[in-house]
Amino acid sequence: MSKLRLAGRRPAARLCAAPELEPATAGHSPRAGTFLPFGLGGRLLPGNDLAKPEISSPSSSTTSCLLGYQLRRRSNPNAGSEMDEVIPALATGQASTNVLTEQPLKVYIWDMDETLILLKSLLDGSYAGAFDGLKDREKSVEIGKRWENLILELCDEHFFYEEIENYNEPYLNALSEYDDGRDLTSYDFEADCFSSPYDDVNKKKLAYRHRAIGEKYAKVSQQLLYLAIFPLKVLLHKGLEKILDQHMVKVWNDLYSLTDKYTDGWLSSAHKLLEETLGKSAAAPTTNSSTINCIVTSGSLIPSLAKCLLYRLDDVVLSENVYSSWEVGKLQCFKWIKERFDGPNVRFCAIGDGHEECSAAQVMKWPFIKIEFQPDAPHRFPGLDMPTVQTYMDVIYESSSKDG
């Protein structure tokens, strides 16, 4: 399996004009510019953090629950994103009627590679090189190759990747207009002859595969929850071993622990911060706001979803919130996210390591936090925390408020 199968096409590096904000002097930072008022396309009400995602049929007006918010999906062939109305959801999935617009919705847009996870820098040895001989470069490369093989194994065996590798879409719901909602329980994917040309018939078959991948993603997330609570022998009676067998779970857990130790806790620290954004951590309980985590990655979509699962990000990022900018670019993905979640009291923040997301955040007039893996970098994992993230957001949005 070639590593090129996991690689996204990154644009040529260019200087980013977005100013870096130093939290210590954030109060004296220059004005970020004139901000356009928030659109009124979204209607925001508080919800319940325990609302569970629903898998909806792609009718003309369907809904799905997302971290306490209900996204009303309206099919529109002219829209870049179908989810255009944000309303609250109770644990039952029903909408609330109490409007508390003083409670903001915060949307965090994370890069994946070299931000939430480390892979490329492990494979090419640049992470080890940043530590001036204190890190074993050969071990770094070995760890990276093991991750690469595990990601591709999950993609090929469970996510149809050998079939759909050349048909990348920017997000799982991109082809939902072609999905007729057919029950896929007994559907024979091996016999449906998915192939080129990429016409409406084959787009329907790809939409089926995307829906099945989303269901498997949710099922693996459920499996991880059981793993955290019950012994494996209890888990194996629940039918979920069809996705991850006992051997794969052990290989995966061992590799995760090895990587986290080698990187001084990068993976667990990043995961903890995403938990804190959602109010899942006692270190940062969230009582007056709700949060959504999105990932925008330059890698192709299916391997990126596999990475979310294997790097244990699935409990903090839903599959429908993972975007691939491979063909469309990060700015377009940022625009889709704004279209989905924007409203009169919504705040966005982008976090990543690259010039492209920095430039896109500048265009969107969003705060941007640059991640670097050098040991003396101002923002890295472990290190980046919620007070720092909040400082960046306050500088931009308080400045916007003062500008009127």
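Even glycines carry a Cβ here, placed using N, Cα and C.
Heads up, TrEMBL stuff is auto-annotated, nobody curated it.
Keep in mind that what you see is a predicted model, and the values were worked out from it rather than measured.
Per TrEMBL, the features are:
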ACT_SITE  ASP111  active site, nucleophile
ACT_SITE  ASP113  active site, proton donor
BINDING   ASP111, ASP113, ASP353  Mg(2+) binding site
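Rounded to the nearest whole angstrom, the C-alpha distance between ASP113 (active site, proton donor) and ASP353 (Mg(2+) binding site) is 8. Cα of ASP353 (Mg(2+) binding site) to Cα of ASP111 (active site, nucleophile): a distance of 7 Å. In the shown protein chains, 22 other C-beta atoms lie within 10 A of the C-beta of ASP353 (Mg(2+) binding site).
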